[in-house]
Amino acid sequence: MAATPFTALDVHYSILYSSDTKFPVGFTFPFKLPSKRFTLVCNSSKSPPKPPPNSSTELQKQNPSLAEQLKPLSSTTLTDIPPKDQPPNTHLLTKPRSTWVNPTRPKPSVLSLQRHKRSSYSYNPRIRDLKLFARKLNECDTSEAAFKGVLEEIPHPPTRENSLLVLNNLKPWEKTILFFNWVKTQNLFPIETIFYNVTMKSLRFGRQFQLIEELAHDMIKNEVELDNITYSTIITCAKRCNLFDKAVEWFERMYKTGLMPDEVTYSAVLDVYAKLGKVEEVMSLYERGRASGWKPDAIAFSVLGKMFGEAGDYDGIRYVLQEMKALGVEPNLVVYNTLLEAMGKVAKPGLARSLFEEMVESGINPNEKTLTSLVRIYGKARWARDALQLWERMKSNGWPMDFILYNTLLSMCADLGLVDEAEGLFEDMKASEHSKPDSWSYTAMLNIYGSGRNVDKAMKLFEDISDLGVELNVMGCTCLIQCLGRAKRIDDLVRVFEFSLKKGVKPDDRLCGSLLSVLSYCEGEDLDKVLACLHQANPKLVAFIKMVEEEKTSFEMVKEEFKSILNDTSVEARRPFCNCLIDICRNKDTTERAHELLYMGTVYGLYPGLHTKTADEWRLNVRSLSVGAAHTALEEWVGTLTKMVERQEALPQLFSANTGAGTHKFSQGLPSAFALHVRKLAAPFRQSEEKAGLFVATREDLVSWVQSRSLAATA
């Protein structure tokens, strides 16, 4: 095939200028200038070249206006809208011709933004004036008189558009409602739904639900339509104000009108029902929304996860995860945090760990709340190794650490007896720039040293607290007093107690319980010193202790006073109080009073589950009792069983007493103390080889033991 010869190009260009230029029309420069219009004339062997245009008419045709440029564009690229009964044509009628584009020079757009600037509020004097006027209203005094004085300076008549613009730019809710009421009094135009919605949103920001509800009733009275935005604003404001019943009331009213809630409204009402504990209503609403085409977002699933977590419903949490997976909703950080917190409440550390790893693998970095929830879960499950591994990952990955997370780790170390690890954490806090140890950090360390009976380190920490001016809270004081009491350093105990009172610490039931515990093993002068401290904290307790010591005090008197003390004591401190009082009675050899206190504690519900019975086994559970109270309970139980054997009553095959394994590093040794008392009573209970802290006896052992004691007594 013969090669095609190159075609010569003759390029002619003409430049048009306006009449105000100094160059004449048609003036041709000997050098290249940027032109507004090029005329390309090609010479080829097939067709002769056309002469260049000379007439002005032809020049105008080759230089059309912008409207003329757009006219063929609209006729070739835009199609008429077909009738509703005729489907649109989606097929090309002709094959488009290919167009070569120079990749190094992008094609210019038809409309140039430099030539046609968009209209803006800043170029509209009226709108600019009204915005400045709204700013003046925002800055004026909140009094109604001052506000009305500024209203007189409105730069333009308060038409519908002008009034709406000003209303949208008002920030304080007080100014918004004043301007809205002023516009209504002018009677210049009908007040439409949008005016109410804008005002309600401002009131919602100020948590003014009562005013919002008044506006809603005003809309109903004046037959102004309440749209989706209106109801959503009312419901979300009621939720923010914790008026959950009102939120439900307006949501039900919305449903009756036939309006479909949007995503925000659905999520808000789900949260309301969840906070009211109405699980069935939540699920009914969820299913109703799904049936109507609503696709829940991550916030809605976060609400569901939190609700099931509060209820301790593990199956519900699994349902949330399955629904998110089925709908293709990717959990965000908030959802993961909510689900992790829920895992902690249902005691599922393994699932929490898997969920955390899934979150990290998906590319979401945990924040302080995430890590705090996971540490609490590990600490509660006593997963010390996993918690410490998590701490190492935090440091290596540079994950965020704050006071709460550090203190949670320290508290976990205190619960698990991890002294070295806690000291390392504490030193890290000292070296950090933004998480220096605070009062709770020192309290956690006092708890660790106090539980481990490391008195010297505890007192050194107390001196640091005094020198650094760190606030000593009542919990730290309680831990320190427990530590000093066990070490029999009563003088230091008194000094710490007096120092705490001077620093403004108000003794609570926990601190009084610590002083009661110290009293149970004090004697002589030390006893009087601790009693003096307790008298400053709770004089009623000291009076009760002295009353119990007197033999002439009747059981009814003890019962009434003990009941009065329990009524004045927090629920969580009542059983420790009873335990300590029993220990004090045993320490003073008033065993009969100890049995009376144990009986009253059982009657008042302080020891639930102390005795359980089945057809084959009777059990005594003393895990929540102090050593003295456990001894008293064993004596009471053995005495009752002895009488039953003597009366030849029906008995089960097996008897067991459970003290717990005492696996905690700082355990006070209840199993060993209980074993010593069993041997002292010569009771027929023996330690189980299969389970630590369990003492068992068969019916034959018990009967034989009672009969041998009877024979020994009669001999």
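The chain as shown is numbered from 1 upward.
Cβ atoms are placed via backbone N, Cα and C, with glycine included.
Record features (TrEMBL):
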REGION    42-117  region 'Disordered'
COMPBIAS  57-79  compositional bias 'Polar residues'
COMPBIAS  87-102  compositional bias 'Polar residues'
REPEAT    227-261  repeat 'PPR'
REPEAT    262-296  repeat 'PPR'
REPEAT    297-331  repeat 'PPR'
REPEAT    332-366  repeat 'PPR'
REPEAT    367-401  repeat 'PPR'
REPEAT    402-436  repeat 'PPR'
REPEAT    438-472  repeat 'PPR'
REPEAT    473-507  repeat 'PPR'
DOMAIN    620-703  domain 'Smr'
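Using a Cβ-Cβ cut-off under 8 Å and counting only residues 6 or more beyond its ends in the same chain, the repeat 'PPR' (473-507) has close neighbours at 439-440, 442-443, 446-447, 449-451, 453-455, 458-459, 462, 465-466, 513-515, 517-518, 521-522, 526, 529-530, 532-533, 536-538.
Beyond the ends of the repeat 'PPR' (297-331), by six or more residues, the same chain brings 263, 266-267, 270-271, 274, 277, 279, 282, 286, 338-339, 341-346, 348, 359, 362 to within a C-beta distance below 8 angstroms of the stretch. Per-residue confidence over the repeat 'PPR' (402-436) averages out at a pLDDT of 84. Residues 333, 336-337, 340-341, 343-344, 347, 349, 352-353, 356, 359, 408-409, 411-412, 415-416, 418, 421, 425, 432, 435 of the same chain, all 6+ positions outside the repeat 'PPR' (367-401), place their C-beta atoms under 8 angstroms from a C-beta of that stretch. Non-local neighbours of the repeat 'PPR' (227-261) in the same chain are 193, 196-197, 200-201, 203-204, 207-209, 212-213, 216, 219, 268-269, 271-273, 275-276, 289, 292, 294; each lies 6+ residues outside the stretch with a CB under 8 Å from one of its CB atoms.
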